[in-house]
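Database features (TrEMBL):
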ACT_SITE  B:His432  active site, proton acceptor
BINDING   B:Lys50, B:Thr137, B:Gly138, B:Ser139, B:Asp297  FAD binding site
BINDING   B:Gly174, B:Gly175, B:Gly176, B:Val177, B:Ile178, B:Gly179, B:Ile180, B:Glu181, B:Glu197, B:Gly259  NAD(+) binding site
DISULFID  B:Cys41-B:Cys46  disulfide bond
DOMAIN    B:4-312  domain 'FAD/NAD(P)-binding'
DOMAIN    B:332-442  domain 'Pyridine nucleotide-disulphide oxidoreductase dimerisation'
Protein chains: 2
Amino acid sequence: MDSFDLIVVGSGPGGYVAAERAGALGKKVLLIEKEHFGGVCTNRGCIPTKSLLNSAKLYAHAQDGKQFGVQAEGVSFSLADAMAWKQETINTLRGGIEFLMKSNKVQVVFGEAQFLDAHHVQVANTTYEGSYLIIATGSSPFVPPIPGSKQSHVLTSDGILEIKDIPSSLVVIGGGVIGIEFASFFSMIGTKVTVLEMMSEILPMMDGEFAKLMRRELKGVDFHLGCKVEEITSDSVLYTDAKGEKKSIGASLVLMSVGRKPNTQGLEKLGLDIDRRGVVVNERMQTNLATVYAIGDVNGRSLLAHSASRMAEVAISNIFGSKAMRMRYQAIPWAVYGNPESAGCGITEAEAAKLGIPIKSQTVQMRSNGRFLAEHGKKGAGLVKVICHAHTGAIVGVHLLGPYSSEMIWGASALIEAQLRVQDVKEIVFPHPSVSELIKDACFQLDHTL
Amino acid sequence: MDSFDLIVVGSGPGGYVAAERAGALGKKVLLIEKEHFGGVCTNRGCIPTKSLLNSAKLYAHAQDGKQFGVQAEGVSFSLADAMAWKQETINTLRGGIEFLMKSNKVQVVFGEAQFLDAHHVQVANTTYEGSYLIIATGSSPFVPPIPGSKQSHVLTSDGILEIKDIPSSLVVIGGGVIGIEFASFFSMIGTKVTVLEMMSEILPMMDGEFAKLMRRELKGVDFHLGCKVEEITSDSVLYTDAKGEKKSIGASLVLMSVGRKPNTQGLEKLGLDIDRRGVVVNERMQTNLATVYAIGDVNGRSLLAHSASRMAEVAISNIFGSKAMRMRYQAIPWAVYGNPESAGCGITEAEAAKLGIPIKSQTVQMRSNGRFLAEHGKKGAGLVKVICHAHTGAIVGVHLLGPYSSEMIWGASALIEAQLRVQDVKEIVFPHPSVSELIKDACFQLDHTL
């Protein structure tokens, strides 16, 4: 029987990073993947959606260039070409992961893993032995038992990435990140889009003021909040609205994006503690079995690709490394890549109130910023909010809505991780002109002493 | 005679920020401006160039969208419309500064300032008295005495922002930031552009490897390095190339961008120490006269708008505030906003060698990054380099060439200011997918321990 220092099951941003890091430390590693390198992120999540959103943004810009001096006639969008580019991106990234595995001497087996016990995993007819086991099996779209949800025009985020034609109308059930990104994409390419959300606001991790502005800025999208979907027919979605009235919206396509469930099936023989969110882990990503770790969506602690990668590093640190790393959740950024973009890191005011943390906060309009004005004009909308601890001034939250948000936010993670205070950020020199300057502006408005 | 706590001369990003910050502290402030609010930055520098570059990038994207699924016919560029948008941006920002001055109760006088002594400044027939004086008079384009440089088709960065027609050919004399940004702009809108640079490489603050790639990526631009311009005729620029041969290039327009000189004229009566760079200041921005400060380009220490703003804060801190702030230059970012963008913060390898600082460095290709691939494909070019102190691991330089560079770089300033080490950056969670992740990737390649 082939024996390894580590067996990793699943090659998403949790699993492949774990395998890579362990391989880089000279460990003998087996990576088991049932389908394609990269998991949901590369094949059916982060990457394809960002590729399509980039295409749609270019399409929007090409139509919208006149005021900037760019005239274009006969602007049209080819879904087939956009899908082909998306697929090429996916293929390149799969190849990149394959290369990483080779260069870190990770052995790879394709096939469905059968978990036999804490040290044995079977694929097809072969059993592999591992001193340590990392479960990185991810999550799948959750499809609630709504009548009509099994029809062929009702898709999850998996299926909608494979469609051939631009739908005339789309109803998105669920206004989380996945729902909003697809709503933004399809509205940009000409589909009539409606989002039905059960809660009183979209994007639950987002500051309420920002979520409201996001809805307003997604100009082609109709939102119905606080409503319950009752049934999906061949051409409509029937729901009860916030006032309790029965309503109906025509839909040639329906996206079901109400949430994801951890892929815990097949783990039964291991005797793992599993709760509502997924496999229970401690801050080292260790399960109740000392040599079994669970990272990424399958533990349900933070359903983000970069959280999975970080969990991979924490797990490898604790298995083979310094054993000093712990998973911290207070400075994990998130981003929504629609048009406009949004990103955040740390807590919102609502969360601070719930946690009883005394805070001060300051919001600034992006239209007070030189670069934003140069690129979007004074009618453009965008917000930056900085939240600090009321007593210490330590930065505890940064929230962005507008261009470049997803590429600016990493600095906020650095501020929070380094426990910098408002006064410290005021001493950092931001490049001019850049949208990022607004973070400093907000800090000066929080405290104008020098 | 009207008497003030502070008189600020010049309303650029140094002067208006000084006035704003002092006003916010409740001081009685006079701001004197000879022309328009905002100085070179707003009116003839940072802002108009970024506005035009944004237009040109949109034009480039509209022509280049087919591979992403965006088809457009008859794409054309209207310089008049781009210039009109640019002017509207300028007007909006001037209005913004006017509003800031009002809301911070800063008194404003328009006119040329006559410096009488350390406490008195005259404008037209009125003399104003100030306890403190901040000189923020900026800089002007330097025009070297090259035969023919006074012809009407030879422009500086001031004049080129007012042209009405797209030139068929442009020779840019001087490959610094200003020269390269205009070269990028004009090549994107169809002008045949040649850059003549006296040194052996363009962009002296940039890592050599990056500068070389920048030249390669500015595909429509011809570069001639190590050459000396001898004469400008009505339709050509004559120069001696690096091999000593006489050459000539046709030019319907010539941009003179060899450098800037501090605006120190009129300061004679004050008896200030002035050196080759400008007004001599200490780390508090104080001149040899205890109550006179000089900030921004006029002191020549760092010719960047955001340096001027930071100097303003340091000066106000030392005049009216905690007196604790000092100007630090080691974490001031810079950005070049052409296509591609580039940005950096901290030292290069060449500078480290010159300073005798032992370093380790790591370069990663942007094409290894998911978002970059989704938006630019595997043939796209871009680089990220992280430099750390060889012994401590402290980050001492971050260099970026590629999309979003100008909006990502602020985080590098934060890392350097907070004296974080490679090991610390590896614990920061970067959002996926984002180009910014490459900074973390470089850190893991510098040190893969966990």
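Indices start at 1 and increase along the chain as displayed.
Backbone N, Cα and C define each Cβ position, glycine as well.
Note that TrEMBL annotation is computational and uncurated.
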DSSP state at B:Cys46 (disulfide bond), helix/strand/coil: helix
Least Cβ-crowded entry, counting other Cβ within 10 Å, from the binding-site residues listed as B:Gly138, B:Gly174, B:Gly176: B:Gly176
Among B:Gly138, B:Ser139, B:Gly174, B:Ile178, B:Ile180 (the binding-site residues), residues with Cβ under 8 Å to chain A, listed in sequence order: none
Candidate with sparsest Cβ neighbourhood (10 Å radius) among B:Glu197, B:Asp297, the listed binding-site residues: B:Glu197
Residues that sit under 8 angstroms from B:Ser139 (FAD binding site) by C-beta distance, when 6+ apart in the chain: B:Val40, B:Arg260, B:Lys261, B:Pro262, B:Asn263, B:Gly278, B:Asp297, B:Val298, B:Gly300, B:Leu303
C-alpha spacing of B:Ile180 (NAD(+) binding site) relative to B:Cys41 (disulfide bond), in angstrom: 17
Nearest of the recorded positions (B:Cys46, B:Gly174, B:Ile178, B:Glu197, B:His432) to B:Thr137 (FAD binding site) - Cα to Cα: B:Cys46
Separation of alpha carbons, B:Cys46 (disulfide bond) and B:Ile178 (NAD(+) binding site) (Å): 9
Length of the line joining the Cα atoms of B:Gly176 (NAD(+) binding site) and B:Lys50 (FAD binding site), in Å: 16
Euclidean distance between Cα atoms of B:Cys46 (disulfide bond) and B:Glu197 (NAD(+) binding site), Å: 22
PLDDT averaged over the residues of the domain 'FAD/NAD(P)-binding' (B:4-312): 97
